[in-house]
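Chemist: The structure under discussion is supplied below as structure tokens; questions concerning it will follow.
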Amino acid sequence: MNGNGVLDTDEVGVEGVKLAIMEEINQHGVQRIKITDDRTTNADGIVTFQSMPKGKNLRVVVVEAPRGAIPTAKTPSGADRKIDSNLRSDGMSDIFKQVGTKYTDTMLGYRLPRDVEVRVFNDANANGIQDEGEVGIKGVHLRLVQSNYSDIANVGGNAHEEHVTDENGFVRFQSVPQNVHMRVQVTKKPDGAIPTHKDRGDKHQDSDLNTNGYTDTFSVGAGSGVYAETDIGYRMPDSVIVTVWDDVNRNGIQDVGEKGLPNVPLQLVLSDKVTTLADVGDGGTAHLIVKSDADGIVTFTMVPMNVDLRVKVVQMPAGAVPTLSNRGNETVDSDLNSDLTTDSFRLSGGGAFTARDIGISMPGSVIVRVWDDADGDGIQDEDEVGIPGATLQLVDAVTSAPLGSTGGNAHESQVTDKNGYVVFTGVPQNVNIRCRVVNSPPGAIPTSKGGGNETTDSDLNSNGLSDSFRLVGSEFSE
């Protein structure tokens, strides 16, 4: 087992080896004559040949060696023949002579095939090392090949067959021949995974997988246990978590109290902003359009590593616009650009990616007051009352067309209340708007315009339209 050519106390016999005895005669050249039938070793590795001729030059010949085994190192002349191996590379022992009633000094040592155990692991922190807590990957297909990528011979075990990792990421190849240079080939890798860094630690902890899907070469030498020095690390697909929120104050930062927006459809695309991701299986959602939940959160699962990605807003909420982007750190600011895609990013390991979020400025309200300017100065004085029953409408500042519906009443005509107020809701952001007087009070004429500041003066022109304005934020009342 240890390849030293000596029968050590803990080394066991090999059952089932077929042997015979040959006599070697040196007349007119070397002649070898088989003088016994074939005999097979017992459970202790022993064969007894009876009635051997005395004084003759005899050799033991191996008729059928153990499958996949190789002769161990043959000890030099003068070694202890009772415990060393006398087997030559041609399958015959050294010459011996029967001189007494029992001869027991011929020993044949083999190095038998060993098992090779390979683990495929999820290198969650991408350091190339199997750290504590990093789990094995189930369902990866592996096979052994020779160093030149040809098949391994069948020597009676399963080393020549393809195997699939178990729930802990292990595969065991049985009866792997010793002293054969070989590799592990990944014939089916985990979907969406990429090989982790290789050769970052010792052989028992690091990954040995190259980018071509083959490990470095190795050979199984002498030893008594399982060979477990070749392992394979992958960086598995992970999650991308995106928060969509209503940036009420339009500062590009998700401030305390600003809530998530539900039902906003998002999609992952490649950096070209168009190409969607492939379905890598296992129930992942990275290839799907996913809507934000009640808290504005979307989780994409099974997202591949080391791919340049963007988050795309498939459909903005009606009347909403992107807020300012990149105004803070990656954990609190918005990363959405005017083309409705985020800055690019890539997963490289270390857990779920949460550094891309989307701030949206939602439609707000416009409050308009119609009042009786009793003194005609164009200013809302403290004692001047509102006018009820006036019909108002919001229109596009350029075309004068009514606004489209965004879920509020901004697209509809509204009548002032008893205090002269109208509240238009669902008014789109960043759109140039005017307020039209559809039905003015009977006999009334517009007062003078622009007599004070935006919060107290009149903005109505003689054509029944106000000056243009745009909503930037949640409420406009100027």
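Glycine is treated like the rest: Cβ placed from N, Cα and C.
If you look up TrEMBL, you'll see 2-92, 119-232, 243-359, 369-470 marked as domain 'SD-repeat containing protein B'. Per TrEMBL, the feature region 'Disordered' maps to 191-212, 442-478. Here TrEMBL flags 191-207 as compositional bias 'Basic and acidic residues'. Annotation comment: TrEMBL describes 458-468 as compositional bias 'Low complexity'.
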Chemist: Go ahead and report the DSSP secondary structure tallies for the domain 'SD-repeat containing protein B' (119-232): helix first, then strand, then coil.
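Modeler: Across the domain 'SD-repeat containing protein B' (119-232), DSSP assigns the residues as follows: 0 helix, 38 strand, 76 coil.
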Chemist: Quick one: mean pLDDT on the domain 'SD-repeat containing protein B' (369-470)?
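Modeler: Mean pLDDT across the domain 'SD-repeat containing protein B' (369-470) comes out at 91.
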Chemist: What does DSSP give as the helix, strand and coil breakdown of the domain 'SD-repeat containing protein B' (369-470)?
Modeler: 0 helix, 33 strand, 69 coil
